[in-house]
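Engineer: As annotated by TrEMBL, active site applies to ASP147, ASP357. Sequence annotations record features per position, and here TrEMBL assigns domain 'Peptidase A1' to 129-479. The signal peptide feature in TrEMBL is assigned to 1-21.
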Amino acid sequence: MASAMPLVLLLLCLLVTDTLGSRCVLFRSTDDSGASPPSNAACPSITSGHSNGNKVPLVHRLSPCSPLSGSGVQKHGKAALAEILHRDSLRMRYLSEVKAAAATTTVPAHSPAPATPNVISSLPGVFTYTALAGYGTPAQQFPVYFDVSGMSNLQCKPCSSGSGDGTCDRAFDPSRSSTFGTIPCGSPDCAVELQTSSCASRGSCTFTFRNSTFLYANGTVVTDTLTLTPSAIFEDFFVGCLQADNQFFFDDGVAVGNIDLSRRRHSLGTRALLSSPTGTAAFSYCLPADTDNHGFLTIAPAMSDYSSLAGVKYLPLVTNNPTAPDWYYVDLVAISINGKDLTFPPDEFSGNGTFIDNLSYFSYLSPLIYAALRDEFRRAMAKYQPAPAFSDLDTCYNFTGINYIELPEITLKFGNGETMDLDDRQFMYFFRDHLDDGFPFGCLAFAAYPTVGYNWLGTQVQRTKEIVFDVRGGQVAFVPSRCGLR
(Lines of atoms letter the chains of each structure in order from A and count residues from 1; the text may use other names and numbers.)
(Lines give C-alpha, C1' and ligand atoms only; values in the text may rest on other atoms or scores of the structure.)
Protein backbone atom coordinates (compact mmCIF):
# COMPACT_ATOMS: atom_id res chain seq x y z
CA MET A 1 0.00 0.00 0.00
CA ALA A 2 2.81 2.39 0.86
CA SER A 3 4.32 2.02 -2.59
CA ALA A 4 1.05 3.10 -4.18
CA MET A 5 0.94 6.39 -2.25
CA PRO A 6 2.99 8.45 -4.78
CA LEU A 7 0.61 7.36 -7.55
CA VAL A 8 -2.41 8.36 -5.48
CA LEU A 9 -0.89 11.76 -4.80
CA LEU A 10 -0.04 12.19 -8.48
CA LEU A 11 -3.62 11.44 -9.52
CA LEU A 12 -4.90 13.87 -6.90
CA CYS A 13 -2.52 16.52 -8.21
CA LEU A 14 -3.77 16.01 -11.76
CA LEU A 15 -7.38 16.31 -10.57
CA VAL A 16 -6.66 19.55 -8.71
CA THR A 17 -4.84 21.01 -11.69
CA ASP A 18 -7.63 20.08 -14.07
CA THR A 19 -10.44 21.46 -11.91
CA LEU A 20 -8.87 24.54 -10.36
CA GLY A 21 -6.40 25.59 -13.06
CA SER A 22 -3.54 25.90 -10.59
CA ARG A 23 -0.22 24.10 -10.72
CA CYS A 24 0.18 21.08 -8.42
CA VAL A 25 3.64 20.11 -7.20
CA LEU A 26 4.51 16.85 -5.47
CA PHE A 27 7.23 17.13 -2.85
CA ARG A 28 10.15 14.77 -3.18
CA SER A 29 13.53 14.70 -1.54
CA THR A 30 15.93 17.42 -2.67
CA ASP A 31 18.57 16.60 -0.08
CA ASP A 32 21.48 15.35 -2.16
CA SER A 33 24.05 15.44 0.61
CA GLY A 34 24.37 11.68 0.46
CA ALA A 35 24.40 11.39 -3.30
CA SER A 36 27.51 10.09 -4.98
CA PRO A 37 29.11 12.67 -7.24
CA PRO A 38 29.50 11.59 -10.84
CA SER A 39 32.88 10.17 -11.72
CA ASN A 40 35.18 11.67 -14.32
CA ALA A 41 33.92 8.98 -16.69
CA ALA A 42 30.50 10.65 -16.54
CA CYS A 43 31.86 13.94 -17.88
CA PRO A 44 34.81 13.19 -20.18
CA SER A 45 33.92 16.02 -22.58
CA ILE A 46 34.32 18.50 -19.75
CA THR A 47 37.39 17.23 -17.97
CA SER A 48 39.31 16.56 -21.17
CA GLY A 49 38.25 19.70 -22.98
CA HIS A 50 36.81 17.91 -26.02
CA SER A 51 33.58 19.31 -27.42
CA ASN A 52 30.92 18.39 -29.94
CA GLY A 53 31.14 20.67 -32.95
CA ASN A 54 30.59 24.24 -31.78
CA LYS A 55 29.07 23.12 -28.47
CA VAL A 56 31.13 23.75 -25.34
CA PRO A 57 30.15 21.98 -22.10
CA LEU A 58 29.19 24.27 -19.20
CA VAL A 59 29.23 23.17 -15.57
CA HIS A 60 28.38 24.81 -12.27
CA ARG A 61 31.39 25.96 -10.27
CA LEU A 62 30.46 23.45 -7.51
CA SER A 63 30.12 20.52 -9.90
CA PRO A 64 32.48 17.57 -9.48
CA CYS A 65 33.02 17.95 -13.24
CA SER A 66 34.12 21.57 -12.92
CA PRO A 67 37.63 22.35 -14.17
CA LEU A 68 38.04 24.59 -11.11
CA SER A 69 40.39 22.47 -9.09
CA GLY A 70 41.69 24.86 -6.45
CA SER A 71 43.95 22.88 -4.14
CA GLY A 72 43.04 19.64 -5.89
CA VAL A 73 39.85 18.94 -3.93
CA GLN A 74 36.68 18.89 -6.03
CA LYS A 75 33.71 20.35 -4.21
CA HIS A 76 30.25 18.91 -4.61
CA GLY A 77 26.88 20.09 -3.40
CA LYS A 78 24.50 22.99 -3.68
CA ALA A 79 25.24 26.55 -2.73
CA ALA A 80 23.47 27.66 0.45
CA LEU A 81 20.72 30.21 0.03
CA ALA A 82 22.68 32.79 2.01
CA GLU A 83 25.60 32.41 -0.40
CA ILE A 84 23.33 32.70 -3.45
CA LEU A 85 21.78 35.89 -2.09
CA HIS A 86 25.19 37.29 -1.23
CA ARG A 87 26.45 36.67 -4.74
CA ASP A 88 23.29 38.21 -6.16
CA SER A 89 23.82 41.31 -4.03
CA LEU A 90 27.38 41.67 -5.36
CA ARG A 91 26.09 41.29 -8.90
CA MET A 92 23.35 43.83 -8.26
CA ARG A 93 25.81 46.32 -6.87
CA TYR A 94 28.19 45.90 -9.78
CA LEU A 95 25.50 46.30 -12.43
CA SER A 96 24.04 49.30 -10.62
CA GLU A 97 27.43 51.01 -10.55
CA VAL A 98 28.02 50.28 -14.23
CA LYS A 99 24.65 51.77 -15.11
CA ALA A 100 25.21 54.77 -12.84
CA ALA A 101 28.64 55.39 -14.34
CA ALA A 102 27.22 55.20 -17.87
CA ALA A 103 24.38 57.56 -16.95
CA THR A 104 26.66 60.21 -15.47
CA THR A 105 29.57 59.59 -17.89
CA THR A 106 31.93 60.75 -15.15
CA VAL A 107 33.19 57.35 -13.94
CA PRO A 108 33.96 55.01 -16.86
CA ALA A 109 33.66 51.28 -16.27
CA HIS A 110 37.30 50.94 -17.36
CA SER A 111 39.57 53.72 -16.16
CA PRO A 112 43.19 54.52 -17.12
CA ALA A 113 43.96 55.40 -13.50
CA PRO A 114 46.42 53.28 -11.48
CA ALA A 115 44.92 50.31 -9.66
CA THR A 116 43.99 50.69 -5.99
CA PRO A 117 43.15 48.02 -3.43
CA ASN A 118 39.54 47.35 -2.52
CA VAL A 119 38.38 46.35 0.95
CA ILE A 120 35.89 43.81 -0.38
CA SER A 121 38.40 41.97 -2.56
CA SER A 122 38.25 39.00 -0.18
CA LEU A 123 34.54 38.40 -0.80
CA PRO A 124 33.55 35.62 -3.23
CA GLY A 125 32.85 36.51 -6.83
CA VAL A 126 29.61 36.14 -8.68
CA PHE A 127 30.64 33.99 -11.63
CA THR A 128 28.87 30.64 -11.65
CA TYR A 129 29.22 28.62 -14.86
CA THR A 130 32.58 27.53 -16.19
CA ALA A 131 34.11 25.87 -19.25
CA LEU A 132 37.52 25.18 -20.72
CA ALA A 133 39.00 27.50 -23.35
CA GLY A 134 42.37 27.80 -25.06
CA TYR A 135 44.25 31.05 -25.68
CA GLY A 136 47.43 31.54 -27.67
CA THR A 137 49.36 29.44 -30.18
CA PRO A 138 49.82 26.69 -29.21
CA ALA A 139 46.67 26.96 -27.12
CA GLN A 140 47.13 27.25 -23.38
CA GLN A 141 43.98 25.77 -21.87
CA PHE A 142 42.29 27.38 -18.87
CA PRO A 143 39.04 27.24 -16.95
CA VAL A 144 37.04 30.40 -17.70
CA TYR A 145 33.69 31.90 -16.85
CA PHE A 146 31.23 33.56 -19.23
CA ASP A 147 29.55 36.93 -18.72
CA VAL A 148 27.07 38.99 -20.77
CA SER A 149 27.99 42.37 -19.28
CA GLY A 150 31.68 43.15 -19.74
CA MET A 151 34.95 42.78 -21.65
CA SER A 152 36.92 39.51 -21.77
CA ASN A 153 39.80 39.17 -19.32
CA LEU A 154 42.57 36.72 -18.49
CA GLN A 155 45.08 36.59 -15.69
CA CYS A 156 48.45 36.98 -17.38
CA LYS A 157 52.11 36.65 -16.56
CA PRO A 158 53.99 38.40 -15.13
CA CYS A 159 51.62 38.60 -12.15
CA SER A 160 51.78 41.37 -9.59
CA SER A 161 53.15 40.52 -6.17
CA GLY A 162 50.47 38.61 -4.30
CA SER A 163 49.83 35.79 -1.92
CA GLY A 164 52.45 33.45 -3.34
CA ASP A 165 49.96 30.57 -3.39
CA GLY A 166 50.89 29.46 -6.88
CA THR A 167 47.85 30.85 -8.67
CA CYS A 168 50.12 32.70 -11.10
CA ASP A 169 51.35 29.32 -12.34
CA ARG A 170 47.98 28.89 -14.05
CA ALA A 171 48.03 32.33 -15.70
CA PHE A 172 48.34 32.87 -19.46
CA ASP A 173 51.98 33.23 -20.53
CA PRO A 174 52.28 35.57 -23.55
CA SER A 175 55.91 34.56 -24.10
CA ARG A 176 54.80 31.05 -25.05
CA SER A 177 52.46 32.20 -27.85
CA SER A 178 53.56 32.88 -31.41
CA THR A 179 50.38 34.86 -32.22
CA PHE A 180 50.31 37.23 -29.24
CA GLY A 181 49.88 40.93 -29.99
CA THR A 182 49.26 44.20 -28.18
CA ILE A 183 47.05 47.16 -29.04
CA PRO A 184 48.66 50.62 -29.28
CA CYS A 185 47.38 53.27 -26.89
CA GLY A 186 46.26 55.55 -29.71
CA SER A 187 44.42 52.83 -31.63
CA PRO A 188 40.67 53.27 -32.20
CA ASP A 189 40.28 49.71 -30.87
CA CYS A 190 41.74 50.86 -27.56
CA ALA A 191 39.18 53.63 -27.23
CA VAL A 192 36.32 51.33 -28.22
CA GLU A 193 37.31 48.47 -25.93
CA LEU A 194 37.97 50.65 -22.88
CA GLN A 195 35.10 53.07 -23.63
CA THR A 196 37.46 55.98 -23.11
CA SER A 197 39.57 58.05 -25.52
CA SER A 198 42.81 57.92 -23.54
CA CYS A 199 45.06 55.46 -21.73
CA ALA A 200 47.83 55.64 -19.23
CA SER A 201 50.82 55.81 -21.58
CA ARG A 202 51.85 56.29 -25.17
CA GLY A 203 52.75 52.63 -25.51
CA SER A 204 50.29 49.79 -25.14
CA CYS A 205 46.57 50.11 -24.41
CA THR A 206 46.60 49.92 -20.61
CA PHE A 207 43.76 50.25 -18.14
CA THR A 208 42.51 49.58 -14.63
CA PHE A 209 39.68 47.10 -14.63
CA ARG A 210 36.84 46.65 -12.17
CA ASN A 211 35.08 43.39 -12.77
CA SER A 212 32.04 41.68 -11.29
CA THR A 213 33.99 40.59 -8.21
CA PHE A 214 34.81 44.23 -7.36
CA LEU A 215 38.53 43.59 -7.56
CA TYR A 216 40.84 46.10 -9.20
CA ALA A 217 43.74 45.16 -11.46
CA ASN A 218 46.09 46.81 -13.90
CA GLY A 219 45.84 45.37 -17.37
CA THR A 220 46.75 45.68 -21.02
CA VAL A 221 44.44 45.05 -23.99
CA VAL A 222 45.99 42.30 -26.11
CA THR A 223 45.02 39.95 -28.92
CA ASP A 224 45.65 36.27 -29.51
CA THR A 225 43.86 33.16 -30.79
CA LEU A 226 40.87 31.92 -28.77
CA THR A 227 40.10 28.21 -29.19
CA LEU A 228 36.81 26.85 -27.83
CA THR A 229 36.39 23.80 -30.06
CA PRO A 230 38.24 22.52 -33.12
CA SER A 231 35.72 24.38 -35.28
CA ALA A 232 35.29 27.48 -33.07
CA ILE A 233 38.61 29.30 -33.33
CA PHE A 234 38.88 33.10 -33.29
CA GLU A 235 42.12 34.77 -34.32
CA ASP A 236 43.12 38.16 -32.89
CA PHE A 237 40.59 37.87 -30.07
CA PHE A 238 40.68 40.84 -27.70
CA VAL A 239 41.15 40.31 -23.96
CA GLY A 240 42.27 42.39 -21.04
CA CYS A 241 45.53 40.86 -19.81
CA LEU A 242 45.39 41.35 -16.03
CA GLN A 243 48.57 41.47 -13.96
CA ALA A 244 47.08 40.40 -10.64
CA ASP A 245 47.29 37.37 -8.39
CA ASN A 246 43.99 35.78 -7.35
CA GLN A 247 41.97 37.98 -9.71
CA PHE A 248 39.47 35.18 -10.26
CA PHE A 249 40.24 33.22 -7.13
CA PHE A 250 37.31 31.93 -5.12
CA ASP A 251 37.02 29.56 -2.18
CA ASP A 252 36.11 26.71 -4.54
CA GLY A 253 38.76 26.90 -7.21
CA VAL A 254 40.66 29.02 -9.68
CA ALA A 255 39.48 30.31 -13.04
CA VAL A 256 41.94 32.20 -15.17
CA GLY A 257 39.43 34.64 -16.65
CA ASN A 258 36.08 35.36 -18.22
CA ILE A 259 34.86 35.50 -21.81
CA ASP A 260 32.55 38.33 -22.83
CA LEU A 261 29.28 37.38 -24.55
CA SER A 262 27.81 40.88 -24.69
CA ARG A 263 27.13 42.95 -27.80
CA ARG A 264 30.42 44.83 -27.53
CA ARG A 265 32.52 45.17 -30.66
CA HIS A 266 35.16 42.60 -29.71
CA SER A 267 33.04 40.17 -27.68
CA LEU A 268 32.77 36.48 -28.49
CA GLY A 269 29.14 37.01 -29.51
CA THR A 270 30.08 39.69 -32.03
CA ARG A 271 33.03 37.74 -33.39
CA ALA A 272 30.83 34.68 -33.84
CA LEU A 273 28.40 36.74 -35.92
CA LEU A 274 31.14 38.19 -38.10
CA SER A 275 32.49 34.74 -38.92
CA SER A 276 29.18 32.93 -39.49
CA PRO A 277 26.69 32.95 -42.38
CA THR A 278 23.29 34.57 -42.44
CA GLY A 279 20.71 32.56 -40.56
CA THR A 280 22.86 31.83 -37.53
CA ALA A 281 22.54 33.20 -34.03
CA ALA A 282 25.51 34.63 -32.15
CA PHE A 283 25.35 31.95 -29.46
CA SER A 284 23.01 30.00 -27.23
CA TYR A 285 23.36 28.51 -23.81
CA CYS A 286 21.68 25.99 -21.57
CA LEU A 287 22.58 26.57 -17.94
CA PRO A 288 23.04 23.46 -15.78
CA ALA A 289 19.91 22.80 -13.72
CA ASP A 290 22.02 21.84 -10.72
CA THR A 291 25.54 20.86 -9.76
CA ASP A 292 25.11 17.25 -10.89
CA ASN A 293 24.25 18.16 -14.49
CA HIS A 294 26.07 20.02 -17.20
CA GLY A 295 24.78 22.45 -19.78
CA PHE A 296 26.32 23.88 -22.90
CA LEU A 297 27.35 27.00 -24.76
CA THR A 298 26.83 26.78 -28.52
CA ILE A 299 28.71 29.12 -30.85
CA ALA A 300 26.80 30.33 -33.94
CA PRO A 301 23.91 27.82 -33.93
CA ALA A 302 21.71 27.74 -37.03
CA MET A 303 18.29 29.27 -36.42
CA SER A 304 16.80 26.62 -38.71
CA ASP A 305 17.54 24.07 -35.97
CA TYR A 306 14.72 25.60 -33.93
CA SER A 307 12.11 26.22 -36.63
CA SER A 308 10.39 22.84 -36.27
CA LEU A 309 10.38 22.77 -32.46
CA ALA A 310 7.17 23.34 -30.55
CA GLY A 311 6.80 25.94 -27.88
CA VAL A 312 9.69 28.20 -28.87
CA LYS A 313 9.16 31.81 -27.74
CA TYR A 314 10.76 34.48 -29.93
CA LEU A 315 11.18 37.79 -28.09
CA PRO A 316 12.43 40.97 -29.79
CA LEU A 317 15.70 42.38 -28.49
CA VAL A 318 15.46 45.88 -27.03
CA THR A 319 18.47 47.83 -28.28
CA ASN A 320 17.76 51.38 -27.10
CA ASN A 321 18.80 51.11 -23.46
CA PRO A 322 20.89 54.26 -22.95
CA THR A 323 22.93 53.19 -19.90
CA ALA A 324 24.09 49.72 -20.92
CA PRO A 325 23.41 49.35 -24.66
CA ASP A 326 25.64 46.28 -25.09
CA TRP A 327 23.64 44.06 -22.74
CA TYR A 328 20.70 41.87 -23.78
CA TYR A 329 17.17 43.11 -23.06
CA VAL A 330 13.71 41.84 -23.94
CA ASP A 331 10.44 43.79 -23.95
CA LEU A 332 8.63 42.43 -20.88
CA VAL A 333 5.40 44.45 -20.59
CA ALA A 334 3.14 42.56 -18.17
CA ILE A 335 2.91 39.69 -15.69
CA SER A 336 -0.20 37.70 -14.85
CA ILE A 337 -1.10 35.28 -12.05
CA ASN A 338 -3.83 32.74 -12.80
CA GLY A 339 -4.80 34.79 -15.85
CA LYS A 340 -5.10 38.10 -13.99
CA ASP A 341 -2.75 40.87 -15.11
CA LEU A 342 -0.92 42.60 -12.29
CA THR A 343 -1.79 46.25 -11.75
CA PHE A 344 0.99 48.80 -11.61
CA PRO A 345 1.81 52.13 -13.33
CA PRO A 346 2.58 51.49 -17.00
CA ASP A 347 5.80 53.48 -16.87
CA GLU A 348 7.29 50.92 -14.47
CA PHE A 349 8.28 48.99 -17.58
CA SER A 350 10.06 52.02 -18.94
CA GLY A 351 10.64 50.74 -22.48
CA ASN A 352 14.37 50.25 -21.92
CA GLY A 353 13.89 46.51 -21.64
CA THR A 354 14.34 43.75 -19.06
CA PHE A 355 17.91 42.50 -18.74
CA ILE A 356 18.69 38.78 -19.29
CA ASP A 357 21.48 37.94 -16.86
CA ASN A 358 23.55 34.75 -16.75
CA LEU A 359 25.08 35.35 -13.31
CA SER A 360 22.42 36.41 -10.80
CA TYR A 361 20.29 33.49 -9.59
CA PHE A 362 17.00 35.18 -8.72
CA SER A 363 14.97 37.65 -10.79
CA TYR A 364 14.60 41.25 -9.68
CA LEU A 365 11.79 43.66 -10.49
CA SER A 366 11.17 47.36 -9.99
CA PRO A 367 9.64 47.89 -6.51
CA LEU A 368 6.05 48.57 -7.62
CA ILE A 369 6.05 45.68 -10.09
CA TYR A 370 7.41 43.33 -7.49
CA ALA A 371 4.90 44.53 -4.88
CA ALA A 372 2.04 43.74 -7.27
CA LEU A 373 3.47 40.28 -8.00
CA ARG A 374 4.08 39.56 -4.31
CA ASP A 375 0.61 40.67 -3.18
CA GLU A 376 -1.25 38.66 -5.82
CA PHE A 377 0.95 35.62 -5.20
CA ARG A 378 0.25 35.81 -1.48
CA ARG A 379 -3.48 35.92 -2.14
CA ALA A 380 -3.20 32.80 -4.29
CA MET A 381 -1.17 31.04 -1.57
CA ALA A 382 -3.30 32.19 1.37
CA LYS A 383 -4.05 28.68 2.65
CA TYR A 384 -0.38 27.93 3.33
CA GLN A 385 1.52 28.89 6.45
CA PRO A 386 3.80 31.92 5.87
CA ALA A 387 7.44 31.63 6.87
CA PRO A 388 9.81 34.47 7.83
CA ALA A 389 11.52 36.34 5.02
CA PHE A 390 14.98 35.22 4.08
CA SER A 391 16.89 38.38 3.18
CA ASP A 392 15.51 39.70 -0.14
CA LEU A 393 13.10 36.75 -0.46
CA ASP A 394 10.13 38.05 1.51
CA THR A 395 7.37 35.69 0.30
CA CYS A 396 8.13 32.35 1.91
CA TYR A 397 6.06 29.42 3.21
CA ASN A 398 6.41 26.53 5.62
CA PHE A 399 5.19 23.36 3.92
CA THR A 400 5.87 21.05 6.86
CA GLY A 401 3.69 17.94 6.72
CA ILE A 402 2.34 18.68 3.23
CA ASN A 403 2.75 16.12 0.46
CA TYR A 404 1.68 18.30 -2.44
CA ILE A 405 1.01 21.98 -2.95
CA GLU A 406 -1.02 23.99 -5.44
CA LEU A 407 0.92 26.82 -7.03
CA PRO A 408 -0.61 29.61 -9.11
CA GLU A 409 0.14 30.01 -12.80
CA ILE A 410 2.61 32.84 -13.48
CA THR A 411 2.87 34.14 -17.04
CA LEU A 412 5.31 36.67 -18.49
CA LYS A 413 3.94 38.79 -21.34
CA PHE A 414 6.05 40.54 -23.96
CA GLY A 415 5.62 43.46 -26.31
CA ASN A 416 5.22 41.33 -29.44
CA GLY A 417 2.31 39.38 -27.93
CA GLU A 418 4.31 36.32 -26.88
CA THR A 419 3.60 34.82 -23.47
CA MET A 420 5.74 32.48 -21.41
CA ASP A 421 4.27 30.32 -18.64
CA LEU A 422 6.71 29.65 -15.81
CA ASP A 423 6.82 26.33 -14.02
CA ASP A 424 7.72 25.75 -10.38
CA ARG A 425 11.39 25.26 -11.25
CA GLN A 426 11.45 28.83 -12.51
CA PHE A 427 9.51 30.79 -9.87
CA MET A 428 9.85 28.82 -6.62
CA TYR A 429 12.95 28.20 -4.53
CA PHE A 430 12.71 25.26 -2.11
CA PHE A 431 15.35 24.89 0.57
CA ARG A 432 16.11 23.03 3.79
CA ASP A 433 18.48 25.41 5.55
CA HIS A 434 18.39 25.27 9.35
CA LEU A 435 15.69 22.55 9.37
CA ASP A 436 15.81 19.46 11.52
CA ASP A 437 12.68 17.65 10.36
CA GLY A 438 13.59 17.49 6.68
CA PHE A 439 10.43 19.21 5.38
CA PRO A 440 10.96 22.04 2.92
CA PHE A 441 10.36 25.72 3.09
CA GLY A 442 9.74 27.53 -0.16
CA CYS A 443 10.03 31.12 -1.37
CA LEU A 444 8.90 33.05 -4.42
CA ALA A 445 12.10 33.34 -6.47
CA PHE A 446 11.60 37.03 -7.27
CA ALA A 447 12.65 40.06 -5.25
CA ALA A 448 12.47 43.84 -5.41
CA TYR A 449 15.28 45.75 -7.10
CA PRO A 450 16.02 48.91 -5.10
CA THR A 451 15.90 51.24 -8.10
CA VAL A 452 12.77 52.11 -10.08
CA GLY A 453 12.87 51.08 -13.74
CA TYR A 454 15.42 48.26 -13.41
CA ASN A 455 14.18 44.73 -14.12
CA TRP A 456 16.10 41.60 -14.90
CA LEU A 457 15.60 37.87 -15.32
CA GLY A 458 18.06 35.69 -13.41
CA THR A 459 19.21 32.18 -14.12
CA GLN A 460 16.42 30.37 -12.26
CA VAL A 461 13.83 31.73 -14.71
CA GLN A 462 16.04 30.45 -17.53
CA ARG A 463 16.23 26.91 -16.16
CA THR A 464 15.01 24.12 -18.46
CA LYS A 465 15.32 26.45 -21.47
CA GLU A 466 17.94 26.90 -24.15
CA ILE A 467 18.38 30.67 -24.58
CA VAL A 468 19.28 31.60 -28.17
CA PHE A 469 20.73 35.06 -28.81
CA ASP A 470 19.85 35.79 -32.43
CA VAL A 471 21.46 39.23 -32.56
CA ARG A 472 21.38 39.45 -36.34
CA GLY A 473 17.65 38.71 -36.31
CA GLY A 474 17.02 41.10 -33.41
CA GLN A 475 15.50 38.47 -31.12
CA VAL A 476 16.08 36.09 -28.23
CA ALA A 477 14.50 32.64 -28.37
CA PHE A 478 13.49 30.62 -25.31
CA VAL A 479 13.54 26.97 -26.39
CA PRO A 480 11.86 24.44 -24.06
CA SER A 481 12.91 20.87 -23.39
CA ARG A 482 16.48 21.35 -24.59
CA CYS A 483 18.11 21.21 -21.17
CA GLY A 484 18.29 18.59 -18.46
CA LEU A 485 15.62 18.90 -15.80
CA ARG A 486 16.18 18.54 -12.10
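Using N, Cα and C of the backbone, Cβ positions are placed for all residues, glycine too.
Can you walk me through where each of these features ends up in the structure?
Structural biologist: Using a 10 Å Cβ-Cβ cutoff, ASP357 (active site) registers 26 neighbours.
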Engineer: Validating a neighbour-count step here. Other CB atoms within 10 A of the CB of ASP147 (active site): how many?
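Structural biologist: Within a 10 Å radius of the Cβ of ASP147 (active site) lie 23 other Cβ atoms.
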Engineer: List the Cα distance (Å, whole number) between ASP147 (active site) and ASP357 (active site).
Structural biologist: 8
Engineer: As a test of reading the model: what is the averaged pLDDT for the domain 'Peptidase A1' (129-479)?
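Structural biologist: The average pLDDT of the model in the domain 'Peptidase A1' (129-479) works out to 86.
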